[in-house]
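According to TrEMBL, the protein carries these features:
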DOMAIN    1-220  domain 'G-protein coupled receptors family 2 profile 2'
TRANSMEM  59-81  transmembrane segment
TRANSMEM  93-114  transmembrane segment
TRANSMEM  134-159  transmembrane segment
TRANSMEM  180-199  transmembrane segment
Amino acid sequence: KLHCQRNTVHINMFISFILRSIICFIKDIDITPEVYYSSTIEGVTSFGQAWICKSVYVIFYYVLTANFMWIFVEGLFLHTFVLSTKYNVSRHIYRTFLILGWCVPLLSVIPWVIVRYMFENTLCWNTMDNRFFWIIKGPIMVTCVINLVFFINIIRVLYTKLNAAHTKDPNKYRKLARSTLVLIPLFGVYYAVFIAVPICMDPNLEVIWMYSEMFFNSFQ
């Protein structure tokens, strides 16, 4: 049955990835060059005050946060599914998943917009001040850490079940390794490493970090 809660959770996560890709293209192609290559300070300031530019970055950070939140929801759903004795998750929990995925990101993005407007209303809101950017990065880091805990717990449960059901199966460790390789991109485990990277870093290291993240994202 294609129309089920599990597939709907997957579809919402895929939609968040699609939206993330689209807004990244819009941000990088239509917005960023005008800011970075303006020849005068007045040009940067006038363009930075344009609400159309700031709105693009607000949408970008919302979609980015929603994308991480849906990765978290995917991990929460699978963790609940593996540990639950029921085959399907109740509709009440499913509605909670929808709220977590699309509404909870507003709880970090809206305060960031208010703080940015009041204390750092400069340029195109594309600069990352450590004091304010933690409003967005903090919740993302929390979801990545929780997903890592979910991942470890699910691997533990799978290992226990394999030992119980296939005591003499010589391929049980291969099955566990295969399951682990599938779960790593699904849970975004590598984000727990990348999210700890400092906001401001050496440009050469930043390029390596970006290519590494895109490489792992392609498997998701």
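Quick reminder: no glycine exception, Cβ is built from N, Cα and C everywhere.
Just so you know, TrEMBL annotations never went through curation; they're auto-generated.
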Margin query: Give the nonlocal contacts of the transmembrane segment (93-114) in its own chain as ranges (CB under 8 Å, at least six residues past its ends).
Written below: 5, 8-9, 12-13, 16, 58, 61-62, 65-66, 69-70, 72-73, 76-77, 80, 132-133, 135-136, 138-139
Checklist line | Local confidence of the domain 'G-protein coupled receptors family 2 profile 2' (1-220) - pLDDT mean | finding: 75
